[in-house]
Amino acid sequence: MANGDTFADAYPTQARHIRAAFWASFLSLGVGAFFGLIQALHRTDILRVIESQTYYTVLTAHGVFLVISFTIFFLVGVFQWAVTDSLERPPVDMRFTWGWYGLMSLGASLTAFAILAGFTDSIDVSADVLFTFYAPLQAHPLFYVGLVVFVVGTWLAGADWFRSWLAWKGDNPGERIPLPTFMVLTTMIMWYISSIGVAVAILAFILPWSLELTGSLNPTLTRTLFWYFGHPVVYFWLLPAYLLWYILLPKLAGGRLFSDPLARVVFILFVLLSTPVGIHHQYLDPGISEGFKFIAMTNTMFLLLPSLLTAFTIIASMEHGARQRGGEGYFNWLTALPWRDPAFTGMALAGMIFAFGGFTGIVNAGMNINYLVHNTLWVPGHIHTQVGTAAALTFMAGAYWLVPQLTGNRLVGRSVALVQVVLWFVGIVFMTNSMYRGGLVGMPRRTAEPQYEGFEYEVAAGSVGELNAQLAVGGTLLFVSAMLFLALMVLTAFNGGTEPIDDGSIPPALSGPEDSPAVLDNLKLWVAIAAVLVVIAYSFPLASIVSRGGLFGPDIGPIPVAIDAASTVARTALEAVAAVVR
Ligand code: HEM
Ligand SMILES: [Cu+2]
């Protein structure tokens, strides 16, 4: 792309497509944030505009609109931008590109309809199954059909990017894959490997069951298939944020990415490690033996590595940028960073919150301390620091830079945008502080009316009233922040006849791709290793679940398999003894 051009100048048709993806994303953010506010005020009994019976409908809408629609529409937009910009070529066939966007929109609309219809009695459709949607909760078939169509749309999007890359490779034999495209391709590999699990769960078991074609199913099996996908999907939300941290943040800081090879290693590690860990969401599930849970725990702890490498690379890049801008000293360079730029500040704050979420993630991952926080408000606390801020705030901040590039218009209200990102930060600190602490004293999640009356309820510090107030205040600030963001985006879209402040060019890394071993670009090799790891982690647990519960259920009791074997031996022995005695 020529210097001084925006993306919209260079690729007008593609920019229109990416804008369409962003609008779908932003619309979902607005709807999801609205439901978030309702929940925050309802469960703290500050304002109840819905019946408590409707709480699950709201919670399902909140979860699905935000973690499926908002995040994934945004990420396909970013990925399309990253691939086109870094390969310097448009998609091979734009009709195909619009095709997958159309499928995703259709799927999202069907699912949204199934959820929202739950608010009225006049249509006999509902989907109060939460964003985890596994059995025994059951939704109207439309909900699952929509999800499948949506996911197939993302698969085709990935195919589109692989196709662009192959076309580029034909013209540039022997060259290293440009880093942004490398990140997109590896993320999609991870997505293919993991989303196949949820596709099987829905198509083979949940959908036929909700259509009443099959009378029963094996709940442990669908839960396990769900979490097989349910953990990697969190990296699907996170890796686009990583992409922006690696590609955009160093530039915004005034410098260059510290190390391209390290970035490649991080993405490969995610391909290898994100899938064989899902059982860490099932520590309290009966029917999966402790040993498999232990393996999942060890694998999970390895995932710290790419996160720590990322923290190192990003901070080193920011320091480099600050020193280019005249920053000095051990810590004083921090003051030389462009803190008035909402895109930079938003991403930096999101990164800080992510570190916090990482520490609490270690708590969740530990088999023993997980028992303390399981299904308490601690878990939404963790969710909101990670996808709800590390990803969401990075996306919003990124949009402050990307949307001007995609429209050719100048961002409206830069200083309001700065207030917006800081407001999100303050809101999330309040809300998650309350959620974490509430969780530690046992407040449940997913509960419309948690009651703390009629018995002694000691909180280590503060009071239940104070925790509730923090949750409500934090949630309200978040809602206001989201609305500000949407307003600025709409105004910017209509701010024609202006030009973005920044040109769209991305500076090369300090240590470029030539410094990284060529094997990192051997995608087939990594797919093969990832597949082996998945087979090792999942074949035995799945076999044991199916052998005891049957493919279509009914599932049986809470007996760990290790004990199963022992008890069979013991029973046989006892029967033998009994026979002899008789
Ligand atoms: C306006 C901002 C937001 C507010 C006020 C808000 C509020 C809440 C509250 C109070 C809960 C807990 C409900 C309960 O367990 O009883 C919750 C759950 C959740 N939130 Fe948010 N949230 C916001 C933004 C977000 C964002 C940006 C995301 C993700 C991108 C997100 C994802 C989730 C998820 C996945 C859950 C768990 C849903 C479940 O348990 O099924 N939230 N939110
Ligand atoms: Cu997980």
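Any Cβ shown, glycine's included, is placed from N, Cα and C.
Over in TrEMBL, the protein carries these features:
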DOMAIN    25-520  domain 'Cytochrome oxidase subunit I profile'
TRANSMEM  20-42  transmembrane segment
TRANSMEM  54-79  transmembrane segment
TRANSMEM  100-119  transmembrane segment
TRANSMEM  139-162  transmembrane segment
TRANSMEM  182-206  transmembrane segment
TRANSMEM  226-249  transmembrane segment
TRANSMEM  261-279  transmembrane segment
TRANSMEM  291-315  transmembrane segment
TRANSMEM  343-363  transmembrane segment
TRANSMEM  383-403  transmembrane segment
TRANSMEM  415-436  transmembrane segment
TRANSMEM  471-494  transmembrane segment
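Contact counts against the transmembrane segment (100-119), taken as Cβ pairs under 8 Å, peak for 54-79 among the stretches 54-79, 182-206, 383-403, 471-494.
Under the criterion of 3 or more C-beta pairs below 8 Å, with sequence separation of 6 or more, the transmembrane segment (261-279) and the transmembrane segment (182-206) qualify as touching.
Ranking 20-42, 182-206, 343-363, 471-494 by CB pairs under 8 A with the transmembrane segment (139-162) puts 182-206 at the top. Counting Cβ pairs closer than 8 Å and at least 6 residues apart in sequence, the transmembrane segment (54-79) and the transmembrane segment (383-403) reach three or more and so form a contact. Ranked by the number of CB pairs under 8 Å to the transmembrane segment (415-436), the listed stretches 182-206, 343-363, 383-403 are led by 383-403.
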